[in-house]
Amino acid sequence: MNASPSENPAPAIPLPAGKRRFGDLGPRIASAVVLMSLALVALWQGGLVFLVVWLGASLAIFYEWESLIGGARRPLRLGLGWLTLIGLALCLWIGHPASGFLLLLFGTALLAAVAEPGKRLWSAGGLPYAGLMLMAVQGLGTGDLCATLVMAWLFVTIWGTDISAYFAGRLIGGPRLWPRVSPGKTWSGMLVGVLCGGIFGTLLLVAASPIPCVSTPGLTPIFLLGLLTAQISQGGDLFESWIKRHFGVKDSGHLIPGHGGFMDRLDGFITASIFIWLVGAARGLPSLAQGVLFWS
(Lines of atoms letter the chains of each structure in order from A and count residues from 1; the text may use other names and numbers.)
(Lines give C-alpha, C1' and ligand atoms only; values in the text may rest on other atoms or scores of the structure.)
Protein backbone atom coordinates (compact mmCIF):
# COMPACT_ATOMS: atom_id res chain seq x y z
CA MET A 1 0.00 0.00 0.00
CA ASN A 2 3.02 2.24 0.42
CA ALA A 3 3.85 3.71 -2.99
CA SER A 4 6.63 6.23 -2.62
CA PRO A 5 8.71 7.64 -5.47
CA SER A 6 11.96 5.89 -6.29
CA GLU A 7 15.07 7.27 -4.66
CA ASN A 8 16.93 7.03 -7.96
CA PRO A 9 16.36 9.60 -10.70
CA ALA A 10 13.35 8.71 -12.82
CA PRO A 11 14.27 7.63 -16.33
CA ALA A 12 13.28 9.98 -19.10
CA ILE A 13 10.49 9.01 -21.44
CA PRO A 14 11.76 8.76 -25.02
CA LEU A 15 9.73 10.41 -27.73
CA PRO A 16 7.88 7.64 -29.62
CA ALA A 17 7.71 7.80 -33.37
CA GLY A 18 4.76 7.73 -35.68
CA LYS A 19 1.25 6.99 -34.56
CA ARG A 20 2.34 5.42 -31.27
CA ARG A 21 2.90 8.88 -29.77
CA PHE A 22 -0.81 9.64 -29.97
CA GLY A 23 -2.14 6.10 -30.21
CA ASP A 24 -4.84 6.72 -27.60
CA LEU A 25 -5.86 10.14 -28.95
CA GLY A 26 -8.99 8.90 -30.73
CA PRO A 27 -10.71 7.39 -27.68
CA ARG A 28 -9.63 10.37 -25.58
CA ILE A 29 -11.20 12.84 -27.99
CA ALA A 30 -14.42 10.84 -28.27
CA SER A 31 -14.92 10.49 -24.52
CA ALA A 32 -13.89 14.10 -23.91
CA VAL A 33 -16.37 15.48 -26.45
CA VAL A 34 -19.25 13.51 -24.95
CA LEU A 35 -18.45 14.37 -21.33
CA MET A 36 -17.67 18.03 -22.04
CA SER A 37 -20.90 18.42 -23.99
CA LEU A 38 -22.90 16.83 -21.19
CA ALA A 39 -21.25 19.06 -18.58
CA LEU A 40 -21.86 22.22 -20.60
CA VAL A 41 -25.48 21.37 -21.37
CA ALA A 42 -26.12 20.64 -17.69
CA LEU A 43 -24.49 23.95 -16.73
CA TRP A 44 -26.57 25.83 -19.30
CA GLN A 45 -29.81 24.20 -18.18
CA GLY A 46 -29.03 24.55 -14.48
CA GLY A 47 -31.54 23.61 -11.81
CA LEU A 48 -32.63 20.00 -11.55
CA VAL A 49 -30.87 18.97 -14.76
CA PHE A 50 -27.54 20.17 -13.36
CA LEU A 51 -28.07 18.32 -10.08
CA VAL A 52 -29.21 15.08 -11.73
CA VAL A 53 -26.25 14.98 -14.12
CA TRP A 54 -23.74 15.41 -11.29
CA LEU A 55 -25.63 12.99 -9.06
CA GLY A 56 -25.27 10.46 -11.88
CA ALA A 57 -21.54 11.15 -12.02
CA SER A 58 -21.18 10.68 -8.26
CA LEU A 59 -23.14 7.40 -8.38
CA ALA A 60 -20.88 6.15 -11.18
CA ILE A 61 -17.74 7.16 -9.27
CA PHE A 62 -18.89 5.34 -6.16
CA TYR A 63 -19.80 2.26 -8.23
CA GLU A 64 -16.30 2.15 -9.70
CA TRP A 65 -14.69 2.71 -6.30
CA GLU A 66 -16.58 -0.22 -4.79
CA SER A 67 -15.81 -2.35 -7.84
CA LEU A 68 -12.11 -1.81 -7.21
CA ILE A 69 -12.49 -2.97 -3.60
CA GLY A 70 -14.68 -6.00 -4.37
CA GLY A 71 -15.66 -8.49 -1.68
CA ALA A 72 -18.77 -10.46 -0.82
CA ARG A 73 -20.50 -7.46 0.76
CA ARG A 74 -20.01 -5.19 -2.22
CA PRO A 75 -23.74 -5.18 -3.22
CA LEU A 76 -24.70 -4.13 0.32
CA ARG A 77 -22.04 -1.42 0.41
CA LEU A 78 -23.02 -0.21 -3.02
CA GLY A 79 -26.70 0.02 -2.10
CA LEU A 80 -26.02 1.91 1.12
CA GLY A 81 -23.68 4.30 -0.66
CA TRP A 82 -26.11 5.02 -3.47
CA LEU A 83 -28.96 5.66 -1.02
CA THR A 84 -26.71 8.07 0.87
CA LEU A 85 -25.76 9.95 -2.29
CA ILE A 86 -29.38 10.21 -3.41
CA GLY A 87 -30.34 11.48 0.05
CA LEU A 88 -27.49 13.99 -0.14
CA ALA A 89 -28.76 15.24 -3.50
CA LEU A 90 -32.26 15.70 -2.05
CA CYS A 91 -30.84 17.71 0.85
CA LEU A 92 -28.92 19.91 -1.57
CA TRP A 93 -31.99 20.39 -3.77
CA ILE A 94 -34.14 21.64 -0.89
CA GLY A 95 -31.37 23.92 0.34
CA HIS A 96 -30.07 22.04 3.39
CA PRO A 97 -26.40 21.29 2.65
CA ALA A 98 -25.56 20.97 6.36
CA SER A 99 -28.09 18.15 6.70
CA GLY A 100 -26.64 16.57 3.58
CA PHE A 101 -23.15 16.72 5.04
CA LEU A 102 -24.32 15.04 8.25
CA LEU A 103 -26.01 12.34 6.15
CA LEU A 104 -22.74 11.86 4.27
CA LEU A 105 -20.86 11.41 7.54
CA PHE A 106 -23.45 8.92 8.79
CA GLY A 107 -23.33 6.95 5.54
CA THR A 108 -19.54 6.85 5.66
CA ALA A 109 -19.57 5.49 9.21
CA LEU A 110 -22.24 2.94 8.26
CA LEU A 111 -20.21 1.73 5.29
CA ALA A 112 -17.17 1.26 7.49
CA ALA A 113 -19.28 -0.75 9.94
CA VAL A 114 -20.77 -3.15 7.38
CA ALA A 115 -17.62 -3.65 5.28
CA GLU A 116 -15.48 -6.74 5.60
CA PRO A 117 -12.47 -6.57 7.92
CA GLY A 118 -9.56 -5.23 5.93
CA LYS A 119 -11.84 -3.29 3.58
CA ARG A 120 -13.40 -0.85 6.03
CA LEU A 121 -11.08 2.09 5.46
CA TRP A 122 -11.20 1.72 1.69
CA SER A 123 -14.98 1.32 1.65
CA ALA A 124 -15.50 4.35 3.86
CA GLY A 125 -13.27 6.48 1.63
CA GLY A 126 -15.35 6.13 -1.51
CA LEU A 127 -18.44 7.90 -0.21
CA PRO A 128 -16.82 11.24 0.71
CA TYR A 129 -14.78 11.02 -2.50
CA ALA A 130 -17.97 11.02 -4.56
CA GLY A 131 -20.22 12.93 -2.16
CA LEU A 132 -17.97 15.92 -1.50
CA MET A 133 -17.62 16.42 -5.25
CA LEU A 134 -21.41 16.53 -5.53
CA MET A 135 -21.64 19.05 -2.68
CA ALA A 136 -18.89 21.18 -4.22
CA VAL A 137 -20.38 21.27 -7.70
CA GLN A 138 -23.91 21.97 -6.48
CA GLY A 139 -22.67 24.68 -4.11
CA LEU A 140 -20.52 26.40 -6.71
CA GLY A 141 -22.69 25.97 -9.79
CA THR A 142 -26.18 26.94 -8.65
CA GLY A 143 -27.49 30.44 -8.22
CA ASP A 144 -26.85 33.48 -10.42
CA LEU A 145 -24.60 34.24 -13.37
CA CYS A 146 -21.58 34.31 -11.04
CA ALA A 147 -22.14 30.63 -10.23
CA THR A 148 -22.31 29.71 -13.91
CA LEU A 149 -19.13 31.67 -14.56
CA VAL A 150 -17.26 29.93 -11.71
CA MET A 151 -18.14 26.51 -13.10
CA ALA A 152 -17.14 27.60 -16.61
CA TRP A 153 -13.81 28.86 -15.23
CA LEU A 154 -13.28 25.58 -13.37
CA PHE A 155 -14.04 23.56 -16.50
CA VAL A 156 -11.69 25.63 -18.69
CA THR A 157 -8.89 25.53 -16.11
CA ILE A 158 -9.03 21.76 -15.67
CA TRP A 159 -9.64 20.92 -19.32
CA GLY A 160 -6.82 23.26 -20.32
CA THR A 161 -4.54 21.57 -17.80
CA ASP A 162 -5.36 18.04 -18.95
CA ILE A 163 -5.14 18.74 -22.68
CA SER A 164 -1.91 20.73 -22.42
CA ALA A 165 -0.31 18.15 -20.13
CA TYR A 166 -1.21 15.34 -22.54
CA PHE A 167 0.31 17.00 -25.60
CA ALA A 168 3.33 18.46 -23.79
CA GLY A 169 4.18 15.10 -22.25
CA ARG A 170 4.13 13.38 -25.62
CA LEU A 171 5.81 16.11 -27.64
CA ILE A 172 8.49 17.09 -25.11
CA GLY A 173 8.96 13.89 -23.10
CA GLY A 174 11.64 13.98 -20.43
CA PRO A 175 11.86 12.75 -16.83
CA ARG A 176 8.88 10.89 -15.45
CA LEU A 177 6.84 12.51 -12.71
CA TRP A 178 6.12 9.42 -10.55
CA PRO A 179 7.02 6.29 -12.50
CA ARG A 180 5.93 3.76 -9.87
CA VAL A 181 2.39 5.14 -9.87
CA SER A 182 1.83 6.70 -13.29
CA PRO A 183 4.60 5.77 -15.73
CA GLY A 184 3.22 7.88 -18.58
CA LYS A 185 3.26 11.24 -16.81
CA THR A 186 6.22 13.58 -17.16
CA TRP A 187 7.45 16.69 -15.42
CA SER A 188 7.19 18.56 -18.71
CA GLY A 189 3.55 17.61 -19.09
CA MET A 190 2.71 18.58 -15.52
CA LEU A 191 4.46 21.97 -15.65
CA VAL A 192 3.08 22.96 -19.06
CA GLY A 193 -0.38 21.74 -18.07
CA VAL A 194 -0.47 23.76 -14.86
CA LEU A 195 0.73 26.92 -16.60
CA CYS A 196 -1.73 26.58 -19.48
CA GLY A 197 -4.60 25.79 -17.11
CA GLY A 198 -3.97 29.02 -15.22
CA ILE A 199 -3.68 31.01 -18.44
CA PHE A 200 -6.81 29.59 -20.10
CA GLY A 201 -8.94 30.15 -16.99
CA THR A 202 -7.74 33.74 -16.70
CA LEU A 203 -8.38 34.42 -20.39
CA LEU A 204 -11.96 33.26 -19.93
CA LEU A 205 -12.47 35.78 -17.13
CA VAL A 206 -10.81 38.53 -19.17
CA ALA A 207 -13.36 37.84 -21.90
CA ALA A 208 -16.11 37.90 -19.25
CA SER A 209 -14.86 41.09 -17.57
CA PRO A 210 -17.98 43.13 -18.53
CA ILE A 211 -19.93 40.85 -16.18
CA PRO A 212 -20.15 42.42 -12.69
CA CYS A 213 -18.94 39.18 -11.10
CA VAL A 214 -15.42 39.72 -12.37
CA SER A 215 -13.12 42.40 -11.00
CA THR A 216 -10.39 43.16 -13.55
CA PRO A 217 -7.84 44.26 -10.90
CA GLY A 218 -8.41 40.87 -9.32
CA LEU A 219 -7.23 38.87 -12.33
CA THR A 220 -3.74 38.39 -10.86
CA PRO A 221 -5.01 36.49 -7.80
CA ILE A 222 -7.40 34.61 -10.11
CA PHE A 223 -4.42 33.56 -12.25
CA LEU A 224 -2.54 32.39 -9.16
CA LEU A 225 -5.65 30.57 -7.94
CA GLY A 226 -5.89 28.94 -11.36
CA LEU A 227 -2.31 27.72 -11.13
CA LEU A 228 -2.98 26.21 -7.71
CA THR A 229 -6.25 24.67 -8.90
CA ALA A 230 -4.48 23.14 -11.89
CA GLN A 231 -1.79 21.70 -9.63
CA ILE A 232 -4.40 20.21 -7.29
CA SER A 233 -6.14 18.75 -10.33
CA GLN A 234 -2.88 17.05 -11.31
CA GLY A 235 -2.55 15.81 -7.73
CA GLY A 236 -6.03 14.30 -7.97
CA ASP A 237 -4.99 12.52 -11.14
CA LEU A 238 -1.96 11.03 -9.38
CA PHE A 239 -4.05 10.07 -6.35
CA GLU A 240 -6.46 8.11 -8.53
CA SER A 241 -3.52 6.48 -10.33
CA TRP A 242 -2.11 5.44 -6.95
CA ILE A 243 -5.45 3.85 -6.03
CA LYS A 244 -5.52 1.88 -9.28
CA ARG A 245 -1.91 0.84 -8.79
CA HIS A 246 -2.77 -0.40 -5.28
CA PHE A 247 -5.55 -2.61 -6.65
CA GLY A 248 -3.55 -3.69 -9.69
CA VAL A 249 -5.81 -2.33 -12.43
CA LYS A 250 -5.21 -0.06 -15.42
CA ASP A 251 -8.64 1.60 -15.54
CA SER A 252 -11.12 2.36 -12.78
CA GLY A 253 -13.94 0.87 -14.83
CA HIS A 254 -15.40 0.41 -18.28
CA LEU A 255 -18.45 2.68 -18.14
CA ILE A 256 -16.97 4.94 -20.84
CA PRO A 257 -16.52 2.76 -23.96
CA GLY A 258 -12.93 2.58 -25.11
CA HIS A 259 -11.43 4.73 -22.41
CA GLY A 260 -11.91 3.59 -18.84
CA GLY A 261 -14.33 4.87 -16.24
CA PHE A 262 -15.69 8.03 -14.69
CA MET A 263 -12.99 8.09 -12.03
CA ASP A 264 -10.40 8.09 -14.82
CA ARG A 265 -12.03 11.08 -16.50
CA LEU A 266 -12.99 13.08 -13.39
CA ASP A 267 -10.08 12.36 -11.04
CA GLY A 268 -8.57 15.83 -11.30
CA PHE A 269 -11.94 17.55 -11.34
CA ILE A 270 -12.96 15.90 -8.07
CA THR A 271 -10.06 17.29 -6.06
CA ALA A 272 -10.06 20.67 -7.82
CA SER A 273 -13.79 21.27 -7.36
CA ILE A 274 -13.60 20.43 -3.66
CA PHE A 275 -10.64 22.78 -3.27
CA ILE A 276 -12.42 25.69 -5.00
CA TRP A 277 -15.56 25.00 -2.96
CA LEU A 278 -13.52 25.33 0.24
CA VAL A 279 -11.86 28.52 -1.03
CA GLY A 280 -15.24 30.09 -1.78
CA ALA A 281 -16.59 29.11 1.63
CA ALA A 282 -13.50 30.32 3.51
CA ARG A 283 -13.73 33.86 2.14
CA GLY A 284 -17.09 34.49 3.80
CA LEU A 285 -18.74 36.43 0.96
CA PRO A 286 -22.50 36.23 0.28
CA SER A 287 -22.06 33.32 -2.15
CA LEU A 288 -19.44 30.68 -2.86
CA ALA A 289 -19.09 31.97 -6.42
CA GLN A 290 -18.32 35.48 -5.22
CA GLY A 291 -15.72 34.03 -2.88
CA VAL A 292 -13.93 32.61 -5.91
CA LEU A 293 -14.33 35.56 -8.31
CA PHE A 294 -14.21 38.72 -6.17
CA TRP A 295 -10.62 39.84 -5.56
CA SER A 296 -9.11 43.27 -5.11
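Yeah, the Cβs are placed from backbone N, Cα and C, and that goes for glycine too.
Feature annotations, courtesy of TrEMBL:
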- 29-62: transmembrane segment (TRANSMEM)
- 82-114: transmembrane segment (TRANSMEM)
- 121-141: transmembrane segment (TRANSMEM)
- 147-168: transmembrane segment (TRANSMEM)
- 189-211: transmembrane segment (TRANSMEM)
- 269-295: transmembrane segment (TRANSMEM)
Q: Please give the sequence-distant neighbours of the transmembrane segment (82-114): residues at least 6 beyond its ends with Cβ less than 8 Å from one of its Cβ atoms.
A: 48, 51-52, 55, 58-59, 62-63, 73, 76, 120-121, 123-124, 126-128, 130-132, 134-135, 138-139
**Q.** Non-local residues, at least 6 beyond the ends, that sit with Cβ under 8 Å of the transmembrane segment (269-295)
**A.** 61, 129-130, 132-133, 135-137, 139-140, 143-144, 146-147, 149-150, 153-154, 157-158, 205, 213-215, 217-222, 225, 228-230, 232-233, 235-236, 239
